[in-house]
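Asks: Below you will find the structure I want to go over with you.
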Amino acid sequence: MEFDTIAAISTPPGEGAIAIIRLSGPEAIQIADRIFYAKNSLSEAESHTIHYGHIKEDGEVIEEVMVTVMRAPRTFTREDVVEINAHGGIVSVNRVLQLLLRNGANLAEPGEFTKRAFLNGRIDLSQAEAVMDLIRAKTDRAMGVAIRQMDGNLSRLIRNLRQEILDALAQVEVNIDYPEYDDVEEMTQRMLLEKTELVRASVEQLLQTASQGKILREGLATAIIGRPNVGKSSLLNQLIQEEKAIVTDIAGTTRDIIEEYVNVRGVPLRLIDTAGIRETEDIVEKIGVERSRKALADADFILLVLNQNEELTVEDEALFEAAAGHNYVVVLNKTDLETKLDINRVRELAGENPIVSTSLVNDEGLEALEEAIKALFFAGDIDAGDATYVSNVRHIALLHQALEALNGVTTGIQLGMPVDIVQIDMTRAWDLLGEITGDSVQDELLDQLFNQFCLGK
């Protein structure tokens, strides 16, 4: 398969030390050579070499560059690739790109370099998606999961499962097409059930990693809730180590939602500092309270903050009711002041959920809170060598559908259906697993997936 030659700026826009303009395609080296001036021609350069020179337009030097030449097939796209390393200015970099486009290159679409790597067989679809997961990783663990997926851990596992299914299907077909051959082993219902159960168990095992994998990939929407002036904004500022939220002694200072990402002991949290939840006649504050209630309802995880220096109120107890059904940690703040809170009542309301005491003004209790968060979601380190985690929503959905098809095989066999009938569900499971790696996938889906990538990737 041969494509045209594409070009794009691969580094983020704006000022910086270095900017990279990338080309890929059959004419990549020749097009770069038309605007690059140095002692030796790029067209004669050996693969994986770097060359110093200048970019010129109509004889005028517009940039001093280092150019990397990489010849097919030992490149990311398996095509000829050229990377022009220029100074990180906006004007000069765009001018170099425009020169390349005028000399025969086409502007790359978002994700087109990675798409070509997939279409040319360099990587499969799950590995391609892992590239974006790596770019978006917010913790070391998330990065590790993405790297292992890029390395093909998930791909190998899925291909092994598909091969198990294919072996069973092939034996069923032989039995159907050549029933008269005595030397062909008969695929009995019992044998097919055993093979199906092996594959089904592996799919279920993968799905058991989905909740942790999804946390690593997307982060937990974490609502910080409580009555006004209990220390919610102080908690946000402490966790992110930045004065993001305004903190005063005046109740109702926070009127709107404040969001910030933070990595807490490997758990990526999307912190949402909410307006204090209480009854109010202030129109603006009332809007903030309604948004807080919605954030609470939509949250994956809740930090429920109480003031230890005040008695428990009806509004506090209502927050426990609202948090029911969520994972949450109770934060008893202001332990530097006299305790007026009924701790036994708090324990009764919290049930099995952790309770942590803090004095945020004195920087006390934050480590205990972070440990409680980690223990709640990761019972031990998940960064376990070659462990394979499913974190992609598309992959999870396909695994659920494949499991449903395999359950159909099991049910059909138990009901005494002929082997050639239950193979329909078996074939469906094989196809669904193939969609994860891209072995069976529609062009429309490919376009949709790769359009989510950044330009130049």
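From the backbone N, Cα and C atoms, a Cβ is placed for every residue, glycine too.
Just so it is clear, the model here is predicted, and its values are computed rather than measured.
Below are the features I grabbed from Swiss-Prot:
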type: BINDING; residues: R22, E83, R122, K457; note: (6S)-5-formyl-5,6,7,8-tetrahydrofolate binding site
type: DOMAIN; residues: 219-378; note: domain 'TrmE-type G'
type: BINDING; residues: 229-234, 248-254, 273-276; note: GTP binding site
type: BINDING; residues: N229, T248, I250, T253; note: K(+) binding site
type: BINDING; residues: S233, T254; note: Mg(2+) binding site
Asks: Spatially, which candidate from the binding-site residues N229, K232, S233 is nearest to R22 ((6S)-5-formyl-5,6,7,8-tetrahydrofolate binding site), comparing Cα atoms?
Replies: S233
Asks: Of all the binding-site residues given, N229, S233, which residue's CB has the most CB neighbours within 10 A?
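Replies: Sorting the candidates by Cβ neighbours within 10 Å, the top entry is S233.
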Asks: With Cβ-Cβ distance below 8 Å and at least 6 positions apart along the chain, what are the contacts of R122 ((6S)-5-formyl-5,6,7,8-tetrahydrofolate binding site)? List them in sequence order.
Replies: F76, T77, R78
Asks: Sort N229 (GTP binding site) into helix, strand or coil using the DSSP assignment.
Replies: coil
Asks: Among the binding-site residues listed here (N229, K232, S233), which has the Cα closest to the Cα of E83 ((6S)-5-formyl-5,6,7,8-tetrahydrofolate binding site)?
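Replies: Spatially nearest to E83 ((6S)-5-formyl-5,6,7,8-tetrahydrofolate binding site) by Cα position is S233.
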Asks: Within a 10 Å radius of its Cβ, which of these binding-site residues (R22, K232) has the fewest neighbouring Cβ atoms?
Replies: R22
Asks: The domain 'TrmE-type G' (219-378): mean pLDDT?
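Replies: So the average pLDDT across the domain 'TrmE-type G' (219-378) works out to 79.
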Asks: E83 ((6S)-5-formyl-5,6,7,8-tetrahydrofolate binding site) has how many other Cβ neighbours within 10 Å of its own Cβ?
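Replies: There are 19 of them.
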